[in-house]
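For reference, Swiss-Prot has these:
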type	residues	note
REGION	1-24	region 'Disordered'
COMPBIAS	11-24	compositional bias 'Basic and acidic residues'
BINDING	93, 95, 121	Mn(2+) 1 binding site
BINDING	121, 153, 202, 277	Mn(2+) 2 binding site
ACT_SITE	154	active site, proton donor
């Protein structure tokens, strides 16, 4: 059932079963599925700029479960290391800021006209995580070769049960849907490789990342443990405190310095690493020259920061540019601050060496 933004009734049409997915180019091979996805995308787009309704007004729980089943089947057909060709745009954390994600699309373009790779953290902290996921899932089903969805650390049950997504699912559709999403998250790819030369992930590097096959060979479905390659891909952070590996101030995974980035680029035969995971004031921050980029893609994060949003753009020749969305004014009285620099190449004379908080790690 198609609806516009003023219709407060839930849709009633039952979605196609996951078995209707064709193995290749499913939208062209299955006109019925393509028509339904177009309708779902239209309904999801009706929520943009209309804050009086949410996804419950335009999508039934049964439809959402059908969409989840279809997209997780597509994820399982993809490699853990999704390979895509440039030109492409790389998008960082969204954190349930559905309205801001759509404003970003207004700036950078939408699928299928643009090819996009998301680096995870679709849920938590903001109010519309289900909306973010279902729009992106519908786009993935409809245009699977134009959009790539990687897993973030918030796409794990131990995190999103605490930071908002569990309560959102409970309020909108019931706890059962939260479990369906966890099953889907366990099937999402962990990393992306653009034109064989640009490695993308949510968190960062790992002492266990020996070659790209170590990513490809991570079994799925999988739920992260407390350590290991998958945890590092989701959780690790760069630091300008030194060259090597350090224990993370997060209490999980590691921090890695300039020397680790340079060695990884050499051993993995890549030119650039793009990751997300940390809010940065300009929406992007570079380390080790342009060998590592952190990107964050929604503004005014949690209304606690005054950060801009940004997207990393790679043209066909892998030349880098950025599209930036300036943050809109926050409501009067909001106590927000600038996001701190995280690992920007420092002035060596001004760099602080926090030896107590950042402790070196030596791989055994």
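Quick reminder: no glycine exception, Cβ is built from N, Cα and C everywhere.
Packing around residue 277 (Mn(2+) 2 binding site) is summarised by its Cβ count: 26 other Cβ atoms lie within 10 angstroms of its Cβ, all protein chains included.
Sequence-distant neighbours of residue 95 (Mn(2+) 1 binding site) (same chain, 6+ apart, CB under 8 A from its CB) are 121, 122, 123, 124, 125, 126, 129, 154, 298, 301, 302. Sitting within 8 Å of the Cβ centre of 121, 153, 202, 277, and not among those site residues for Mn(2+) 2, are the Cβ atoms of 93, 119, 120, 152, 154, 203, 234, 235, 276. In the structure as shown, the Cβ atom of residue 121 (Mn(2+) 1 binding site) sits within 10 Å of 30 other Cβ atoms. Using the Cβ center of 93, 95, 121 for Mn(2+) 1, the list of other same-chain residues with Cβ within 8 Å runs, in sequence order, 92, 94, 96, 120, 122, 123, 124, 125, 152, 154, 276, 296, 297, 298. Taking the Cα atom of each, residue 202 (Mn(2+) 2 binding site) and residue 93 (Mn(2+) 1 binding site) are about 8 angstrom apart. Between residue 93 (Mn(2+) 1 binding site) and residue 277 (Mn(2+) 2 binding site), the C-alpha separation comes to 7 Å. DSSP assigns the residue listed as 'active site, proton donor' to coil in the three-state reduction, placing it in neither a helix nor a strand. Other C-beta atoms found within 10 angstroms of the C-beta of residue 153 (Mn(2+) 2 binding site) number 25, with every protein chain shown included.
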